[in-house]
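Peer 1: Encoded as structure tokens, here's the structure I'll be asking about.
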Amino acid sequence: MAPSSPRPALPALLVLLGALFPGPGNAQTSVSPSKVILPRGGSVLVTCSTSCDQPKLLGIETPLPKKELLLPGNNRKVYELSNVQEDSQPMCYSNCPDGQSTAKTFLTVYWTPERVELAPLPSWQPVGKNLTLRCQVEGGAPRANLTVVLLRGEKELKREPAVGEPAEVTTTVLVRRDHHGANFSCRTELDLRPQGLELFENTSAPYQLQTFVLPATPPQLVSPRVLEVDTQGTVVCSLDGLFPVSEAQVHLALGDQRLNPTVTYGNDSFSAKASVSVTAEDEGTQRLTCAVILGNQSQETLQTVTIYSFPAPNVILTKPEVSEGTEVTVKCEAHPRAKVTLNGVPAQPLGPRAQLLLKATPEDNGRSFSCSATLEVAGQLIHKNQTRELRVLYGPRLDERDCPGNWTWPENSQQTPMCQAWGNPLPELKCLKDGTFPLPIGESVTVTRDLEGTYLCRARSTQGEVTRKVTVNVLSPRYEIVIITVVAAAVIMGTAGLSTYLYNRQRKIKKYRLQQAQKGTPMKPNTQATPP
């Protein structure tokens, strides 16, 4: 080892001796600057001076890396102290002929915190609940000048000095609706303005708070209680009092079938509407679910829907088209658990089948046989109907009501001859006079003398034919005058006869009363006898 290696211990020894046994002389050691504040890892120039002109020894004692700057003279030295990581008190010392002395400079290191961190917030926070904010700060100096601030946006919630390592500051916030979407953060303030420097701030990463309100009441679910296979139903789920309603998630499902609702939002409510289709695979009792999820909470409503299969009843005719007089069997069959009624069947215990026997008549043509089936599903009565029509083939018919046998019309008047033939199939009708002259049935004609006569109306179809004679009488104007004269004479004679009768009757009554008065016989009042 080099002989000079133990020499650094000498100044330290001199410093110690000078401090313990200061010399009797007037020599003094001074240091400049006496106080310094500098950033961590920084450098500073320290000047050590002594009052004697020829000091035996002049230097600085410090664990810091140092570099002496050469200056003229023997009583002053300048040192560059570098990489200052923490507070330090370098000491200048001198040894003069008249004594030893020392002087200290105070180095204060400042640095901003290495970590400023706000504890993560819950993803959702219910309105009306307390939220605890927690900020941790590691490092930073000088601690006497370091403050921790909790913020909502730019609003201060709490301010405390940084104490401990790591320093921790907490506060509690009562969550409100208007806190939704607010940013919370933590900030440190290293205030060195009194030392002639500036205010150093460090801010944590912000966290955005999401608040919510989910009422304790379950959602309202409106749906059919029963649903038929291969049909569609509508499901509506709604809930009021939500915040923020746009963040609410709605899940609708029938059994394992997820529904796709259309959601309509109000100020603090929503309504979700969905169509549901069911098949034979869904038959039975299924669970309908409406779940509303908001934040980290949910509300759910369950209902049961009964899926059923109920085909319309089957109406069976022996033949849909029969001839008159044919025996016809009408059957009605439905679901095994259904109860059916068939019109025309007398009252009887209801079951899944009903039957009717009849002999086809013309009146049965076009007759509808209606079968009504009723099935009870989950306490509800479901009704289905089916109708079949019977066609009866029968021969033509011509009767007085629809084809009068005698028409009397004034000459030159407008008339429409009407004659309706009935039958199935509808027969062809022709009315001919003398086998050649047709009567224009259903057409408006001017009545002439040629129209007068007897016509043979023939109705013909595949089921046979029928004939009927009709007579057309045409009245000429001269016959009308005769008729009017006869009628007028009859009216006059009738009036004269009635007048003569009334006159003779009054005369006889007067004569009778006169005779009675002459005999002195009182006349009995013509009063009604009193009943016993």
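Even glycines carry a Cβ here, placed using N, Cα and C.
Not my notes, these are from Swiss-Prot:
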SIGNAL    1-27  signal peptide
DISULFID  Cys48-Cys92  disulfide bond
DISULFID  Cys52-Cys96  disulfide bond
DOMAIN    128-193  domain 'Ig-like C2-type 2'
CARBOHYD  Asn130  N-linked glycosylation site
DISULFID  Cys135-Cys186  disulfide bond
CARBOHYD  Asn145  N-linked glycosylation site
CARBOHYD  Asn183  N-linked glycosylation site
CARBOHYD  Asn202  N-linked glycosylation site
DOMAIN    230-297  domain 'Ig-like C2-type 3'
DISULFID  Cys237-Cys290  disulfide bond
CARBOHYD  Asn267  N-linked glycosylation site
CARBOHYD  Asn296  N-linked glycosylation site
DOMAIN    325-378  domain 'Ig-like C2-type 4'
DISULFID  Cys332-Cys371  disulfide bond
CARBOHYD  Asn385  N-linked glycosylation site
DISULFID  Cys403-Cys419  disulfide bond
CARBOHYD  Asn406  N-linked glycosylation site
DOMAIN    412-464  domain 'Ig-like C2-type 5'
DISULFID  Cys431-Cys457  disulfide bond
TOPO_DOM  504-532  topological domain 'Cytoplasmic'
Peer 1: Sorted by position, what residues of the same chain at least six away from Asn296 (N-linked glycosylation site) have a C-beta under 8 A from it?
Peer 2: Pro122, Ser123, Trp124
Peer 1: Could you measure between Cys431 (disulfide bond) and Cys419 (disulfide bond) for me? Cα positions, answer in whole angstrom.
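Peer 2: Approximately 9 Å lies between the Cα of Cys431 (disulfide bond) and that of Cys419 (disulfide bond).
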Peer 1: Work out, from DSSP, the number of helix, strand and coil residues along the domain 'Ig-like C2-type 5' (412-464).
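Peer 2: For the domain 'Ig-like C2-type 5' (412-464), the helix, strand and coil counts are 3 helix, 25 strand, 25 coil.
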Peer 1: Quick one: pull the CA-CA distance for Cys237 (disulfide bond) versus Asn267 (N-linked glycosylation site), whole Å only.
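Peer 2: If we compare the Cα positions of Cys237 (disulfide bond) and Asn267 (N-linked glycosylation site), the gap is 16 Å.
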Peer 1: Closest of the recorded positions to Asn130 (N-linked glycosylation site), Cα to Cα, picking from Cys48, Cys96, Asn183, Cys332?
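Peer 2: So, spelling it out, the nearest of the recorded positions is Asn183.
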Peer 1: Counting distance between Cα atoms, which of the recorded positions Cys135, Asn202, Cys403 is nearest Cys96 (disulfide bond)?
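Peer 2: Answer for the nearest of the recorded positions: Asn202.
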Peer 1: With every protein chain in view, how many other Cβ atoms are within 10 Å of the Cβ of Asn202 (N-linked glycosylation site)?
Peer 2: 18
Peer 1: Compare the C-alpha of Asn385 (N-linked glycosylation site) with the C-alpha of each of the disulfide-bonded residues Cys48, Cys290, Cys332, Cys371, and give the closest one.
Peer 2: Cys371
